[in-house]
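Copied from Swiss-Prot, the annotated features are:
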- 823-862: domain 'Pentapeptide repeat' (DOMAIN)
- 334-376: repeat 'WD 1' (REPEAT)
- 862-901: repeat 'WD 2' (REPEAT)
- 904-945: repeat 'WD 3' (REPEAT)
- 1030-1069: repeat 'WD 6' (REPEAT)
- 1072-1111: repeat 'WD 7' (REPEAT)
- 1114-1153: repeat 'WD 8' (REPEAT)
- 1156-1195: repeat 'WD 9' (REPEAT)
- 1198-1237: repeat 'WD 10' (REPEAT)
- 1240-1279: repeat 'WD 11' (REPEAT)
- 1282-1321: repeat 'WD 12' (REPEAT)
- 1324-1363: repeat 'WD 13' (REPEAT)
- 1366-1405: repeat 'WD 14' (REPEAT)
Amino acid sequence: MMSLINLDLVISAVTSIANPVIKEKILRSETVIKLLQQFNLDPEHPPADFSGVYAYTLVEYGVGKPKAFLELFRQEAIKQAFRKALDHNNPSILLSEVDTFLDACTLGDEIRSLELDVRREVAAFATVFIEVAKRSRTPADVLMNQQIGSLHKRIAGIQEQLERLPTLEGIRTEIARLAAQNYPALTPTATENQCRAIALAQQMRGWFETLGYRLEKYEIWAEEYFEWIINVPVRRSYDRILVRGVAGEVRLSDVMALCQSVNQQKTDEGWLVSTRRISRAARDEVKKEENRHLDCFTFDELIDLDADFSGYLDWLEAEIKRRKIDQKYVPLACTKEEIDPVTKRRIGISRYEAEDGWIDGYIDLWLDDPAKEHISILGEFGTGKTWFVFHYAWTALQRYKDAQRRGVERPRLPLVITLRDFAKALNVENVLAGFFFTQHNIRLNSEVFDQLNRMGKLLLIFDGFDEMAAKVDRQQMINNFWELAKVVVPGSKVILTCRTEHFPEAKEGRALLNAELQASTNKLTGETPQFEVLELEKFNDEQIRQVLLYQAEEATVEQIMGNSQLLDLARRPVMTDLILEALPDIEAGKPIDMSRVYLYAVRHKMERDIKAERTFNSLADKLYFLCELSWEMLSTDQMSLNYRLFPERIRRLFGSVVQEEKDLDHWHYDMMAQTMLVRNADGDYTPAHRSLLEFFVAYKFAAELGALARDFTEVGQAQSGLDSSTASIDYTWSGYFSRQLDSTGCREVIAPLRQFKSEFLDKLRETFGKAKLTKAVIDLLLPMLDDNEPLIKIIEATRGRTEDEVNYVGGNAATLLVKLNKMVLEGRDLSHTVIIGADFTNTSLRCVNFTEANLAYSVFTKILGSVLTVAFSPDGKLFATGDSGGIVRFWEAATGKELLTCKGHNSWVNSVGFSQDGKMLASGSDDQTVRLWDISSGQCLKTFKGHTSRVRSVVFSPNSLMLASGSSDQTVRLWDISSGECLYIFQGHTGWVYSVAFNLDGSMLATGSGDQTVRLWDISSSQCFYIFQGHTSCVRSVVFSSDGAMLASGSDDQTVRLWDISSGNCLYTLQGHTSCVRSVVFSPDGAMLASGGDDQIVRLWDISSGNCLYTLQGYTSWVRFLVFSPNGVTLANGSSDQIVRLWDISSKKCLYTLQGHTNWVNAVAFSPDGATLASGSGDQTVRLWDISSSKCLYILQGHTSWVNSVVFNPDGSTLASGSSDQTVRLWEINSSKCLCTFQGHTSWVNSVVFNPDGSMLASGSSDKTVRLWDISSSKCLHTFQGHTNWVNSVAFNPDGSMLASGSGDQTVRLWEISSSKCLHTFQGHTSWVSSVTFSPDGTMLASGSDDQTVRLWSISSGECLYTFLGHTNWVGSVIFSPDGAILASGSGDQTVRLWSISSGKCLYTLQGHNNWVGSIVFSPDGTLLASGSDDQTVRLWNISSGECLYTLHGHINSVRSVAFSSDGLILASGSDDETIKLWDVKTGECIKTLKSEKIYEGMNITSVRGLTEVEKATLKTLGAVENREI
């Protein structure tokens, strides 16, 4: 049926729309839809006739256009010209008719007065018409072809693309692209060839016009071909060439027809052009002498006449072969975030590995998708970005050459454009001109490039955005990105590579590369292109093996694969070559770290490069030159230097010894032979890899500081012209190489170098102190330093100077110092010094005098204990934390800035929660109180008292009028917020209350308890109306479903139960867990339940059926906490394995493992918008994670020093303690002084033990290692690695030849002290091993575990001899009696059990503690047993009677460790209150209290500059003082 629509009415309706409306895209789309519906046009399915499509197009195109233009399209003559042009496959008819019409009528004058490009508007109208026509099918047709997109959105996108097209040729190219697709409404009988002919004609016309060729009036259009005549300028005249376009294959008959047309039209030449291919006969025919005026081309071959890329192709091929990428490339994996198109939040992640063809496979798909135009490839340094770029360019080049050889349509030509050499403020025209003209001598102007780009002929690859972006500030970087984005136009494909760590904040980097941050100038008009981001993954083991096998023998590869340090370094592709180069030194037993691998490799490379007959034949001179050149490149952001510029630099660096031309010639040849700088054909030198520059700069800094380690100094000592008879002396870096000629004209002879000494401050200010050190340089610099004193003297040299005189010298030196030794500055007088931008995090600054020092921009430790609980405010702007120090803190979510510190609790804060209006926060603590805090001021509004034991959980009612608290006193209390009164005490539970939860309307409260029940309480009556029974162990977690109809509970009985609220019945018992369930949580839609616990598995359950949908695995320790994202698509959890994991619910895949915590993760919370995740850990940090990128936005770090373990040395004169501050301390008993502090662990020290003769000490840590320390030297003798989780306990065997360690990885390892080898791994426990101990005769080993068992192992056979059962909670400590007849065990069930070794029976159960028993020890004579508990007491028991002799009070927090002196007269106890107490065993009295000083104890900050008052207050809390306080 024909669509009869009055165009006058359409124009009237369209022009009546107010202009402001059309500026908003959404409003414009809504307006268009309403107008279409007004004229009975279906917005999704246009009518299938010409008139209907024409009217539809007038609405889509016309909204916001001047009325005069719409009047033009209303004219019948224009409408008929449009129909004729399309029916005859000749779009140029329309443009010609429009010109004629405008010349002949007054409307033309009105339109021209608007100063708009008429032809452009006509072409834009035609483009919209084609797109509408493509959709003019039935809904069934549309669905069948899966064309489910919204039409008006698609057209809006096309119109926005057209707004980005600056030229008519660009619009013609876009029309050609659309015309290449069939559009049935236009020409129902049109063939595929006709559509191709239209596309070819449009591209050719655009190409000819871009080249400046004039088209004559002559045009022929037929079903299989079209003909034009073009005028090609030749000197002062032009050639007339007849062009015949053929959509299909050019055959011999086409050549004959061309010849006939050329003769008829009397042109100079004739060209046949095809999109497809040309037959052999046709090519042979035009080669004949009589046809020398004829030629035939594919369209690509036609382009070759004026765009010659052959020189570039030769360069690209040579560059790839030089890099050996064609031979040694190993496929790389990548990840890509999946973004919700509506919320713009990340909802998942895709990993592209072998099954998907790696990153190559994704880029192939991206190239084939016409909607995608730009992609950024991110990766850390050395992960293979440039490697991949040249590999993919090589792959694309082979495809291109193959198509070129076969004479078929070619794929895109890859153009690799490196950004390292361009100016700080980019101009894309200059970048392209530099690439085409300067680098590759390709004579293309910008118009020709633009046309090739729009026609889809190019693949643009910009490599190294980070190397350019690092030169500028944030806004200029954004401007530069958008400047490059100018080449992103319809039809283009652009790849950009960039270092991940370039961006100071991962979130900002993502936002920029996803085109979310706008430029301050040169913005793109209209809708931005579609941008994507991929991120390269580091090598896995198999990839490492593969790349090594390309370069080394199997035995060498296995040697590297077997070395964990080398394997970790080799995860970056850039390091594999260096490792192989350095292998001889590694095999010789030299130390291994990243800097030394560079050192060994660089030395071998330089030795190979040196030729004896050349001037620069010493390692030292070459090293100096490369260091200075690297510094110049990095500091000036000039990543390449032409050889012509080197003579001046050589003269400047080496003085008069190279003034003669022959010396420079020697240097020139020497440079051409070396391998660390790559020279191109133009003589430009660039580093083989940026990290080499960073290594040489780090070396230069270490030498200038006078702190270079001896093995690094050896390269500098390899100098020529030395007087070997003279004693070696110290030189400055610059002085050593400033050699002059002696009186005879020979290079002066100097004394050998002993070591480098520090440069003067003025010199350091221009190099080392020019800017804050980057992470890459710091990481390479630290292993090079072996002397603290020069750095200290440099800091002291800043005394009395101004900030401008020092720059970052003092701050950089201080940062390096404290990273090497966290205690090195203790007691130093640094008054009046200038220390700008230092990082003092977790550094001991005890008794440092900073009086009147300038500490601007320096970072210090915050006060923060183990973070036990985290909660976001309802608006997501704040989050709150509660920690083991009893402190509640408020933080700004956007910046990580600490806003308020709320003090009042005097013990652990276990739970925090915001009120619904976000104005208040409640906190529950081990101090038996609940506190209510004002969010705006941080003031404590009320303190709710009444509980008689720790408060484990607090929660506001939905209306925020009441607060519920659950406690270990077996009660739940309901508090009135306004009055502070306790409304009800819910009694009935006979065990600790672990969890409380309100239902949705606040009418009910559920509680889970250690008495194995769940209770449901009616708030109005305070009565318990249901007791849910069925669990057979304590209930740790309860939660209501979102509709309030069900309740879920997780228990230590290894089950989850679903309860029906209305009936009180158990709907399902969800079984599958093999250990206690710690956390349960419903998905936001209530369809699923997640559960996690000690079996290291998360299970997802279907609520309707009770079936386990799937299990999420990969954990190596307990799952402590679970939370769904607000949209329900992601599940986050915290674990005792120190990792936060994010799971995609739909794919069941782990999206991210968020690593960085060095202790258990106690709490995780999503922000209300789901964009940020906060995690709190026992490592005394809160980390904020960006969900979209998985990057850590902020680390909020603090400090406490719980004492986890104490032990006396064999003679009882010394006590060792292990602490949560990552240190081991030795204390002298008589003086109570701390003798020394052992540093090296990177997390809590959980256990310490002396060997039998007291010469060594072993320590086990949450960093998964055991360290062996020499008491006399305080040095670490060895680090035992192998455990995959915390090391909780260490023990020597009686003769000291072996060491046992128990770990959270559920194993016990036996180590040989002499060889440092692991002799045996004992397996059998199903949860953490908390304690290990040897029998007195050394034949057996006992272990206690969180699986509630004690196991007895045979040392000789490794077999488990016996398993002791009876405890009902974890076993935290085991110890043999001195005679070996009894084994004692302390447990979380609050008891100590004594077991008979001979019978395996329990002799006594010692009861009396009212909290966990974590540590036990026998007296030396075996008559007494001491036990330390979380109830803050130590108990002394008589072994023979089982009687408690004393209860020792004094600690104000959990007691973690107890130890007897060798004579049995003194008992030591270590506590979370940060003290060690010494007790008289006979009287039970406390003799002494040992307490380590606070981290900033006695630090004098009188009149210090550069710190805020809040920062000063924090420092004072950590021990700092001002004069008035001294």
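Each Cβ is built from the backbone N, Cα and C atoms, and glycine gets one as well.
Non-local neighbours of the repeat 'WD 6' (1030-1069) in the same chain are 991-992, 994-1001, 1004, 1006-1014, 1016, 1075-1082, 1084-1086, 1089, 1091, 1093, 1095, 1099, 1101, 1103, 1106, 1368; each lies 6+ residues outside the stretch with a CB under 8 Å from one of its CB atoms. When each of 862-901, 1114-1153, 1198-1237, 1366-1405 is checked for Cβ pairs under 8 Å to the repeat 'WD 12' (1282-1321), 1114-1153 comes out on top. Between the repeat 'WD 10' (1198-1237) and the stretches 862-901, 1324-1363, 1366-1405, Cβ pairs under 8 Å are most numerous for 862-901. Counting residues 6+ beyond its ends, the repeat 'WD 14' (1366-1405) has Cβ neighbours under 8 Å at 1033, 1327-1328, 1330-1337, 1342-1350, 1352, 1411-1418, 1420-1422, 1425, 1427, 1429, 1437, 1439, 1442 in the same chain. With DSSP classes pooled into helix, strand and coil, the tally for the repeat 'WD 8' (1114-1153) is 0 helix, 22 strand, 18 coil. Summarised by DSSP class, the composition of the repeat 'WD 2' (862-901) is 0 helix, 21 strand, 19 coil. Cβ atoms under 8 Å from those of the repeat 'WD 13' (1324-1363) belong to residues 1074-1075, 1094-1095, 1117-1118, 1136, 1285-1286, 1288-1295, 1298, 1300-1304, 1306-1308, 1310, 1369-1376, 1378-1380, 1383, 1385-1387, 1395, 1397, 1400 of the same chain, restricted to positions at least 6 beyond its ends. Across the residues of the repeat 'WD 14' (1366-1405), the predicted structure has a mean pLDDT of 93.
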